[in-house]
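Step one of this worksheet: look at the structure below.
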Amino acid sequence: MGPWEAKWIRHSDVRPFPQPEPMTVEEKVAVMLKPELHVSSGCHPYPAVNDLGETNGGLKTTGAPSGMCKGSGWGSQVYGRHASFRGVWAIMYVWYFPKDMPSAHFGHRHDWEHVIVWIEKPVVENVKILAVTPSFHDGYSKQVPPDPSHLNGLAAKFIYESEWPINHALRPTRKGGKKQDLILWEQMSSNARHALNIVPWGAANTPFNDFVFMGRLEKAFPF
């Protein structure tokens with residue numbers, strides 16, 4: 001058998017992982033704290049990789065900012081990864097978008113955005129969000145603790161938007177949004193994890209793979 005090779009497929013052909021029944025406390029807490037995402041402009045989130053490790057080919061920055069990417073017929077996906085970090089528990093939630101296009105002639109193929117939800121420890125009862133750190137271009141914005149108006153119960157609310165001519169980013173919002181099926185890093189197939197570790201995404205960077213994840217927690221640490 002030859003070396004593993006990346007395989008890109010049409011952005012609308014990537015099927016998401018169904019959300020598994022959570023078994024461990026960590027998995028149950030990750031599902032409980034799934035954030036809401038409100039898309040103000042641009043693409044809606046799409047699956048980035050399938051069970052075989054085939055990856056989303058994305059879209060050129062042509063047409064309208066939301067052209068050809070208003071939602072996958074197969075359903076969307078939010079990815080997750082968690083870890084203990086500096087005495088607290090971090091859960092990263094990650095979305096993939098086929099293009100990041102604030103307007104014609106601006107932007108790039110592929111976009112990854114994410115938010116890190118910080119809690120004291122993974123417990124099913126009386127879990128409390130200590131902070132949220134959404135990705136904001138090359139860094140993070142931080143709310144310690146989150147504004148109550150930016151929460152819907154245990155779901156932190158975020159908006160995906162662009163302030164022209166700058167590319168899209170996340171910020172907390174009062175607006176309600178949608179949740180997607182969650183698949184955690186350890187729940188994915190080995191082919192999918194390998195693809196997310198190896199495949200290049202141009203100007204966008206996968207924030208939760210083995211080579212990047214802990215560094216992102218370090219950069220976003222809000223305390």
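Keep in mind that glycine also has a Cβ here, set from the backbone N, Cα and C atoms.
Swiss-Prot has this to say about the protein:
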| type | residues | note |
| --- | --- | --- |
| MOTIF | 90-100 | motif 'Conserved undecapeptide motif' |
| MOTIF | 107-113 | motif 'Conserved heptapeptide motif' |
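Residues 43, 48, 56, 58-61, 65, 94-101, 134-135, 160, 167-170, 201-207 of the same chain, all 6+ positions outside the motif 'Conserved heptapeptide motif' (107-113), place their C-beta atoms under 8 angstroms from a C-beta of that stretch. Each residue of the motif 'Conserved undecapeptide motif' (90-100) gets a DSSP state, and the totals for helix, strand and coil are 0 helix, 11 strand, 0 coil. Broken down by DSSP into helix, strand and coil, the motif 'Conserved heptapeptide motif' (107-113) contains 0 helix, 6 strand, 1 coil.
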